[in-house]
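To start, the structure under review is shown below, and the notes come after it.
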Amino acid sequence: MTQFRSDFLRLLETRGYIHQITDAKSLDEKASQSVIAAYIGFDPTAASLHVGSLLQIMMLRRLQQAGHKPIVLMGGGTGKIGDPSFKDEARKLLDEDTIKANIASIKRVFEHFLHFGDGENDAVMVDNAEWLDRLEYIPFLRDVGQHFSVNRMLSFDSVKLRLDREQSLSFLEFNYMILQAYDFLELSRRFGVCLQLGGSDQWGNIVNGIELARRMDGKEVFGLTSPLMTTADGVKMGKTVGGAVWLNGDMCSPYDYWQFWRNTHDADVERFLKLFTDLPLDEIARLAALEGSEINEAKKILANEATKLAHGEKAAEEAAATAKKTFEEGAAGDALPVMKVSDSSISLVDALVGLGLVASKAEARRMIRGGGARINGEKALDEKAVIEVTAENIRISAGKKAHGVIQAG
């Protein structure tokens, strides 16, 4: 493990946020000597961010906890194009009113994680439409475009992936990389930003911005990426059988959010406690050492702490109480129906019918479409959802009062 001097990089390193840094020694020295400003960009493609963006939000939180200034960059300009990075096809283009509404909704998420204001290390939210919408095409090509090599841009993994699959990459999307690099330059001029944070899939875009700032302004700026977030099962973070796990409470209830974290794989508990909670490392080590059924206590603490950050302490307490009443007390007090499954998986529709929770497959599908079906407390909205049967009991619910258990057998 690298021995960093700055509180910021030590914090990121010990909790597992660092994948790559462009010049770790120089960045560490700068962060140890003065307050730095760093940013992450988020495209407002929906009315909320989902759990897949939470690692980046937590990196900004760690930045502020270490005494530095977080800049939340909303892609009101780039969002009109869409980031092609590692996407199989072009994104649907959004109109300006939708983008503005999405940004207003997303800001509510950040207010739970960051302190906004006018202080030296208070967070600021800015929209890149402020400068991108005003760009003049010919001057931009002349002043900025000359610093980019098409040959090099074609070598980026995010572009090669599309081209290797013989999938179209529009000129519109190709320009995204130049605009994102220009964001870094503009933020360094406006706010003195010297660091861009992002996921590992953004490495090429970040390096573009670093080189542009050096060539146009002679500035030394840095990039730092986090690891690709997947679960122990190899699944991309943030998706469940019920769809995306949104961070806004009106799109994913605090209870459903709590259940998402409660259902964490045993092998992910320690890592998620470090990344997604503020618990001290010694407490996390104690929880990670729990074995057998005791690991469930660590999962409940993870769920409580993660929900507290996203929705507040009261919402977390209510979600935990609801889960206990619905899940634990119900299981202990009721003679729940049990279905033994010899195969490695079973469809949710078959499980609902087999447990006698609904009368027919048609009713099961209606139950799922209406949002009344749950797997281990998580809402399941996909009629084709398949449940992987493991050694642990799997609780299936139809509505608030009808529950059953699937067991391997």
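The backbone N, Cα and C atoms fix where each Cβ goes, and this holds for glycine too.
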Feature motif ''HIGH' region' in Swiss-Prot, mapped to one of the ranges 44-53, 274-283, 294-303: 44-53
Stretch carrying motif ''KMSKS' region' according to Swiss-Prot (options 166-170, 201-205, 236-240, 341-345): 236-240
Other CB atoms within 10 A, centred on Gln180 (L-tyrosine binding site): 27
DSSP-derived class (H/G/I helix, E/B strand, else coil) of Tyr176 (L-tyrosine binding site): helix
Lowest local Cβ density (other Cβ within 10 Å) among binding-site residues: Tyr39, Tyr176: Tyr176
Diameter of the L-tyrosine binding set by C-alpha atoms, the set being Tyr39, Tyr176, Gln180, in angstrom: 17
Helix, strand and coil residues within the domain 'S4 RNA-binding' (346-408) as assigned by DSSP: 16 helix, 22 strand, 25 coil
DSSP helix/strand/coil residue counts for the motif ''HIGH' region' (44-53): 3 helix, 1 strand, 6 coil
